[in-house]
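In case it's useful when we look at the structure, here is the feature table from TrEMBL:
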type     : residues : note
DOMAIN   : 254-645  : domain 'Acyltransferase 3'
SIGNAL   : 1-19     : signal peptide
TRANSMEM : 181-202  : transmembrane segment
TRANSMEM : 260-280  : transmembrane segment
TRANSMEM : 300-320  : transmembrane segment
TRANSMEM : 350-368  : transmembrane segment
TRANSMEM : 410-428  : transmembrane segment
TRANSMEM : 440-458  : transmembrane segment
TRANSMEM : 489-507  : transmembrane segment
TRANSMEM : 527-544  : transmembrane segment
TRANSMEM : 564-585  : transmembrane segment
TRANSMEM : 597-616  : transmembrane segment
TRANSMEM : 628-652  : transmembrane segment
């Protein structure tokens with residue numbers, strides 16, 4: 001399914017390369033008469049002057065009833081589903097270039113920005129230079145006069161403006177503070193421990209009778225040795241690439257393909273979204289893209305995240321059931337103890353990687369590059385990772401996305417909350433088996449009813465789809481459907497529930513009670529699921545193209561049904577591939593090349609936005625977007641993300657997981673600690 005989704009999305013992007021626009025709906029000549037969305041003075045030349053100051057400015061074009069150009073701008077901007085607001089533009093202004101217009105400042109009335117929400121947001125984000133208010137007032141007056149002079153001269157229009165931030169040649173480098181030094185110190189300590197641990201592992205190998213590379217693949221017998229070598233680079237590398245060593249891991253090796261392709265689709269979608277926020281020369285590329293029928297694959301592709309919930313639910317059910325931790329005779333206190341033990345183990349396995357990401361975004365990220373748009377892309381991460389880090393640490397980002405850092409971690413919050421809920425469910429159903437059907441039926445009803453009721457009561461869209469202005473300012477604006485339907489755990493109940501059902505089927509199939517392989521009808525079912533996948537994705541086109549009166553019973557029914565159907569399709573793929581049905585698709589998803597990439601998929605998910613910001617943040621001038629250019633950026637971001645993820649996994653994730661095992665798990669003999677357990681990453685679908 002994910003392979004076909006990736007192919008479909010790439011086809012949708014490449015179809016834009018045909019270079020034509022919708023017949024009768026677009027006139028490029030008239031379009032180019034409008035003010036550019038982005039125009040940037042030379043950043044490096046400006047700051048090469050020791051007295052130079054460069055400001056990024058948000059500009060609102062004032063209405064002018066007598067201007068034909070204004071009416072064109074207003075008409076285009078009214079279509080918020082497909083168009084950018086062309087009366088809202090950004091300008092990179094070198095104040096040295098504004099000196100000729102300083103004398104004209106008094107000619108223009110001072111207009112206040114209407115977008116109070118954006119003013120409030122920028123005041124929270126850009127707080128580096130709060131002390132010099134006189135200088136800031138001077139900058140505002142100069143910029144307003146300069147931009148009004150230019151717009152009046154070229155377009156016969158007036159503007160009001162808001163300085164997002166200014167950078168001067170003397171203070172463009174951010175000074176180190178205590179948090180910066182702390183993070184650098186942590187990196188040095190980790191590197192030092194890694195060197196010592198790797199050297200000790202090398203010495204142990206020399207003293208061992210086994211001199212080959214196989215020494216690093218075998219778990220050490222002594223717990224103290226395992227602890228001291230937990231940061232060994234060579235040992236952790238072998239954990240990353242080692243073949244599967246258990247029947248269960250081999251049975252679900254197709255999850256590797258699901259994970260890798262799923263992460264690729266996520267990176268693809270986020271690349272398209274982030275490139276809507278950077279300075280682009282031809283915004284009509286995106287605007288015309290959103291009119292096309294095949295766009296619904298990209299817009300409705302946010303559903304792909306459900307496959308990760310299905311896999312997480314599957315893994316929780318199978319692993320918990322196989323360990324038989326809860327029986328009908330188990331006492332209540334023991335059930336509670338099991339809950340906290342399982343939850344705590346998972347929480348503390350994920351936490352170190354998340355903390356390093358927060359520290360990196362709050363300290364080092366802003367120092368990686370510079371440029372006219374660099375602070376626009378990274379400053380919010382720096383500020384909110386320092387002030388609102390607790391949202392990530394307590395895994396509540398999905399309910400508190402406003403003013404949060406690392407927006408992609410909403411998934412971790414939703415997944416953790418669903419893990420907690422369904423951990424309670426499986427404990428109850430194992431202790432009271434007769435309640436299983438009633439609980440599952442209730443959850444299924446809620447999985448349909450919650451999205452449907454929320455859509456009707458809150459007057460939301462039938463599906464969430466991104467608009468050009470949705471993420472243009474690096475946070476989700478005017479996106480009630482996104483906030484209410486996408487990240488909350490209670491709108492994603494179906495994924496875990498169907499994961500549980502898939503796990504139940506898998507265990508029955510392993511016991512020999514179910515046999516699907518070799519039956520033509522099940523091979524046919526696999527391809528019917530592919531068609532159903534495309535049908536669900538394309539079904540959202542009408543809601544993307546048209547507006548409907550709200551509240552609407554039909555929109556509510558669609559919101560409830562289409563997500564359930566999608567999760568049902570995901571579950572169908574899992575069930576069939578558990579039985580090795582699927583032919584070429586199954587062989588593709590179980591390719592050995594996917595195995596190491598799947599093991600670092602958690603880190604890939606965490607770090608891909610950092611890589612994406614770095615790739616997209618160096619522009620000095622607006623960039624011309626094409627389908628091939630976007631595809632190259634998707635591939636480069638994917639490859640760089642895998643490199644970063646592998647380094648973080650080997651130097652951070654695997655070592656801390658091994659340390660936890662040494663402290664939490666009881667001493668075991670060599671026959672009890674297999675390589676599979678040693679290298680298994682945190683129990684998460686990502």
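Quick reminder: no glycine exception, Cβ is built from N, Cα and C everywhere.
Annotations in TrEMBL come from automatic prediction, not curation.
Relative to the rest of the structure, where do these features sit?
Using a Cβ-Cβ cut-off under 8 Å and counting only residues 6 or more beyond its ends in the same chain, the transmembrane segment (181-202) has close neighbours at 216, 228-235, 356, 359-360, 362-364, 651-652, 655.
Counting only same-chain residues 6+ beyond the ends of the transmembrane segment (350-368), those with a CB under 8 A from a CB of the stretch are 174, 179-180, 182-184, 186, 374-375, 378-379, 381-382, 385-386, 389, 392-393, 405-406, 409, 412, 416, 602-603, 606-607, 610, 613-614, 648, 652-653, 656, 682, 684.
A Cβ distance under 8 Å defines the sequence-distant neighbours of the transmembrane segment (410-428), meaning residues of its chain 6+ beyond its ends; these are 305, 308-309, 312-313, 316-317, 320-321, 326, 335, 338-339, 342-343, 346-347, 350, 354, 392, 395-399, 401, 435, 439, 443, 486-489, 492-493, 495-497, 500, 605, 684-686.
Long-range Cβ contacts of the transmembrane segment (440-458) within its own chain (Cβ-Cβ under 8 Å, at least 6 residues beyond either end) map to 425, 480, 484-485, 490-491, 493-494, 497, 500-501, 551-553, 555-557, 559-561, 563-564, 567.
If one looks beyond the transmembrane segment (628-652) by at least 6 residues along the same chain, the residues whose Cβ comes under 8 Å of a Cβ in the stretch are 10, 13-14, 17, 190-191, 194, 231, 233, 236-237, 240, 264, 267-268, 271-272, 275, 352-353, 356, 596-597, 599-604, 606-608, 610-612, 615-616, 681.
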Cβ under 8 Å, sequence separation of at least 6 from the ends of the transmembrane segment (300-320): give me the contacting residues as numbers and ranges.
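Distant Cβ neighbours of the transmembrane segment (300-320) are 1-2, 5, 9, 248, 252, 255, 258-259, 262, 265-266, 269, 326, 342, 411, 414-415, 418-419, 422-423, 426, 430, 463-465, 486, 492, 494-500, 502-504, 506-507, 536-540, 544, 563, 566-567, 570-571, 574, 683-686.
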With Cβ distances under 8 Å as the criterion, find the stretch in 260-280, 489-507, 527-544, 564-585 that has the most pairs with the transmembrane segment (597-616).
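So the stretch in question is 260-280.
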Between the transmembrane segment (564-585) and the transmembrane segment (489-507), are there three or more C-beta pairs closer than 8 Å, counting only pairs 6 or more apart along the chain?
yes
Quickly jot the same-chain residues contacting the transmembrane segment (489-507) by Cβ under 8 Å, restricted to those at least six beyond its ends, or write none.
251-252, 306-318, 321-322, 398, 413-414, 417-419, 421-422, 425-426, 440, 443-444, 446-448, 450-451, 454, 514, 563-564, 567-568, 570-571, 574-575, 578
